[in-house]
Amino acid sequence: MDTLISENGVFLPIPPLQAVRLHFILGTILVLTFMVAHTFFPINLITHPTQTLFIIWGIVGPVLMILFGHLRQDMEQCSYFRAAGRGYVGLVAGAIVNALGAIILGAPVGFEYFTKTLNWSLLMSSFTFVPAACAFGSAWSHWHRVFAETKAFSFIDYMIRLPAYGAVIGAWFGAWPMPLDWERPWQEWPICVSYGAMVGYLMGLVASSVCIIFHNRRQQHLKGE
């Protein structure tokens, strides 16, 4: 069992199977949400990118708040509902950061792209900012440890860091086909970038689960010695 010391010195246990189960739930919900949008409405990222992204982040975002609210690292000082509220603050702040970053890197600007960029940014914020906001709040030391350092201190570091990195890297790779002269509808902003972000996020969930299992086995081996 992994532990993380919160700022008030309380040890917070996170069983490895719980961490892996949470990843499985998140991956399943993301895939099912995409399928629901395509099956029941029916819409998809190519024909209706704004509406599809709205459905995906509108479901995945609150689910992340619910799950990571239970993993908040200041349980004695922060209630579950407050932790979920921090997730909404992180969602908005992260959307602004992601939108500005995308525009700086070349995303199209204009009224016709506003809703597309807004919903893409909210999806990216759900993947990157919401889990950390729910778990850590404004504790900068935890944010710095998770996103700026390479060594993981706890299972929750893997759970937040690797899926977030996967989403960002996936979105970056997804942007590569956009300037190519293929004249395909999926090359338009933010279709291929969204596909890349979701695939990268799912790969990050898998990588995080593998790291958690490996880390747990290594801990058990060291204890056995």
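Cβ coordinates are placed from backbone N, Cα and C, and glycine is handled just like the others.
What TrEMBL says about this protein:
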- 20-41: transmembrane segment (TRANSMEM)
- 53-71: transmembrane segment (TRANSMEM)
- 83-108: transmembrane segment (TRANSMEM)
- 120-143: transmembrane segment (TRANSMEM)
- 155-175: transmembrane segment (TRANSMEM)
- 195-214: transmembrane segment (TRANSMEM)
Could you pull out which residues elsewhere in the chain have a CB under 8 Å from any CB of the transmembrane segment (155-175), counting only those six or more residues past its ends?
2, 4, 14, 16, 19, 22-23, 26, 68, 71, 73, 105-106, 124, 127-128, 131-132, 135, 145-147, 192-205, 207-208, 211-212, 215-216
In terms of Cβ proximity under 8 Å, which residues at least six beyond the ends of the transmembrane segment (195-214) contact it?
2, 16, 19-20, 23-24, 26-27, 30-31, 34, 45, 56, 120, 123-124, 127, 152, 155, 158-159, 161-175, 186
